[in-house]
Amino acid sequence: MYKEPLLTKRRNTTSQIAIVGANVCSIESLDYEIVENELFKQDWRSRKKAQIFQYVVLKWALALLIGLGTGLVGFFNNIAVENIAGFKLLLTSDFMSKKKYFKAFAAYAGCNIGLAAAAAALCAFIAPAAAGSGIPEVKAYLNGIDAHSILAPSTLFVKIFGSILGVSAGFVVGKEGPMVHTGACIASLLGQGGSRKYHLTWSWLKYFKNDQDRRDLITCGAAAGVAAAFRAPVGGVLFALEEAASWWRSALLWRTFFTTAVVAIVLRTFIEYCWTGKCGLFGQGGLIMYDVSAATETYSGPDILAVLFLGVVGGIFGSLYNYLVDKVLRTYSIINEKGARFKILLVVTICILTTCCSFGLPWFSKCIPCPTDPAVTCSTESGNFKRFQCQSGYYNDLASLFLNTNDDAIRNLFSTSTRDEFRISSLFIFFAAIYCLGIITYGIAVPSGLFIPVILAGACYGRLVGRLFASISKLDTGLFALLGAASFLGGTMRMTVSLCVILLELTNDLLLLPLIMLVLLVSKTVADCFNKGVYDQIVKLKGLPYMEAHAEPYMKHLAARDVVSGPLVTFSGIEKVGNIMHALRTTGHNGFPVIDEPPFTDASELCGIVLRSHLLVLLKGKSFSRNQVHCGGEILRKYAALDFAKAGSGKGMKLEDLNIEEEEMEMYVDLHPITNASPYTVVETMSLAKAAILFRQLGLRHMCVVPKSQGVTSLSFCNSFVFPGSCILLHTHIDGHEVI
C-alpha cells in the first residue's frame, strides 16, 4: 500500500509571509526560460535547415499579420467613433440651431447614456478584464505575470467595441490605451500555437507553443497598438522599449519596427481612401493628427523660462493627478466588487455628470464674434468654432471644446495663429472640468485610456500659460498647448524618449524638439519627487506582482543564503510515481529540483529542475517501470518536444486529467529526459541585490542557490528564497515568480 512521504509536507504560509514581508498572490508566472532538457536538445538536433527557415519566416509573417490586424482595428475605431459621435453632435447642433434647447439636451444625454450603458454591459457581463486602459496589464504580462483573461478573445472583443462606445459616449477617455491592449490581444491570439478545437493544427504553428515567442509577439502587438492609436510608428517601438517590455534584444527591435511600419502603411492607405468622402464623417487629418508646423518657432531666454515653468507646474499637477486617480480607483473597486449592476450604475452616473458639464458649462460663456479672416468660417457642425446658443456671426468658445470629439478638442487647442480664440476664463473652466472628469472617469467599467484626458488637460493648461505669458514670450499659444500637454504627460506617465517622439510624430514639428525634451525632463524630475508613474501605481493597485528593474537598497546588505527557506520538495532522478502524485496534490509549485543520490552518483548531485506541466504529460503517458532503473531512451523514442509544449490561454493539462491506478503508485518513472539540466544557479554568498537583478534581467522563474563549499550536501542548501514583493516561493506563492 502506498504511503505518503513525511518530508514533503506543505509549509505554513503565514509564517513565511512574516519572514519575507511579501504579499501572497495567486497569480502565476510565465516560463520565459528555455527548458534545455534531453527532449529539447534532440528536437533541435533533428531539425533541418528548411524547418529552421520556416520558423524564422513564420515569425516575420506573424509580425506582418499583427501589423495588418492592429492597423485595421485602429482604422475601424476611428471611423466608428467619428461617425457615431458625429451623428450625436450633428443631432444636438440641429436642435440648438432651431432654439429647441431641451430637445437638444435630451438627444445629447440620451445618446450618451445609451452608449455608456452598452459599453458598461459589455465589460460587466462579458469581459471584466477589458475595463480600464490595459497598458498596466500588458506591462505586467511582459514582466512575466500570467494574469487571468487579460489577453483572452472575449477581452479583445469587448476592448474594441467597448472603447468605441465609451469614447463616443463623451467620456473624458481615450482609445489610445485600449489600442495597446487590443494590439497585444491580437498578437496573443495569433501566437496561441494552433487549436484543435478550431482545427488549426498546422505543424508550423506548434513552434510558438512557448511563453518566450508569445512574449515577443505581444511586444510587437503593444508597439503596433501605439502606432495605430497615435499614428506614430517610431513612437510605438520606443514605447514598447521604454515602458512596456521588461526584456529587449536587437532581433525583437527589427520585428517591432517592421510591425509598426505595416501599421503606418495600412492607416495611410485607408485614410487616403477616406479622402474621397466615402467614410462618412471621418476626418481627413492623414497620419499627422495635430499639425502645428505652420507656427513660427524662434525662442529666446524668456521663452525658456516659460517652458521651465510649464515643466515644474506640469510635474506637480501630474503627480497630483496620479495621487487622486489612485484614491478614486480604491473607492471604485469597493463599488465594482458588488456586482455587474453596480458597475453599470456607476458608469451611468459618471456619464450623466459628464453630460451635464459638457452641455451646461458652455451656457456660462459669452458669445464671441467670429474672426474676420475670410478663410475662417463659423460652423455649427464642425471645425474650431461652435455657435451653440449664439446668433449668426458669433461662436461659443467653451462649446467648441466640450461639444466636440476629444480629438477635435485637442486639435482646437493646438491650433496656431489663433491667440484670442479662447478666453482665459473659458480655459480655466475647461481645464478644471477636464482635470476632474478625467480623474473620476478612469476606473469605471468601460475601456478607457489615460493619454487623451492628460493631453486635453495639459494642452488647455499650456494654452492658458501662453496667454498669461504673452507679454514676455513670443511663442505661439498653440505651441504652448503642445508643451503643456508634454509636461502633463511627463508628470503622469513618467516616460521621456517615447513621449517625445510620439508628440513629434503627432504634430509634425521637429523644430520644437529641444523644448519638448526640456519640458519632459523637468516635469518627470519634479513628479518623481512625489510618487510613481500612473501605470506603476495601477499595477500595484491591481495586485499584479510586477518586478522592478532595480533592487531595493536593503538587498545590498543581505546574501542569498540569508533568505533561503526549507524544507524543500525535491525528486530523485528516478522517482516513485506515488511521491510525484503526492507532491503535485499537496503543492501548487511550478518547478521541482531533481537531485541524484547514491548509488546512481558518487555524491548528491543537482540534475536540474523539472516543470509541473512536464510531469503531468509524462504521468499521463504512463512510461513507468517496476524497478528503479534508467529508461530515458524509451521516453525519448516515445515523446517529442512538442508533446510538452505549453497550451495557449491556460488550457494545459491538469492533475484531474490523470488516471493513475493504485498499483502504478509503487512504480518508478525516469525524470532525466524532461529535466532542465542547465538551470540558472547562484552561489549562496551572492548578494541578494545582485541575485535579484540577475533574476529580473534574464526573465527567470526559477533560480537555484547552491552551497559555496563542495563538502556540503547540495540538498540541504538548494532551498527557496524570495525577492520580497517580486517573486513566489517554490513552497508558497508570493507575487508571481519562483526561486528555488
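Positions of Cβ are set from backbone N, Cα and C atoms, glycine also.
Keep in mind it's a predicted model, so treat the numbers as computed, not measured.
Annotated transmembrane segment per TrEMBL: 52-69, 105-130, 150-173, 217-240, 252-271, 304-324, 344-364, 424-444, 510-530, in sequence order.
Looking at which of 52-69, 150-173, 252-271, 304-324, 510-530 has the most CB pairs under 8 Å to the transmembrane segment (344-364), the answer is the stretch 150-173. Within the same chain, residues 62-63, 66-67, 70-71, 73-75, 138, 141-142, 151, 174-177, 179-188, 190-191, 208, 252-253, 255-257, 259-264, 267, 287-289, 449, 451, 495, 497-499, 501-502, 504-506 sit at least 6 positions outside the transmembrane segment (217-240) and bring their C-beta atoms closer than 8 Å to a C-beta of that stretch.
Beyond the ends of the transmembrane segment (424-444), by six or more residues, the same chain brings 120, 131-133, 171-173, 317, 321, 324-325, 328-329, 332-333, 343, 346-347, 350, 353-354, 357, 361, 364-365, 397-398, 401-402, 450, 453-454, 456-457, 460-461, 463-464, 467-468 to within a C-beta distance below 8 angstroms of the stretch. Ranking 52-69, 105-130, 150-173, 510-530 by CB pairs under 8 A with the transmembrane segment (252-271) puts 52-69 at the top.
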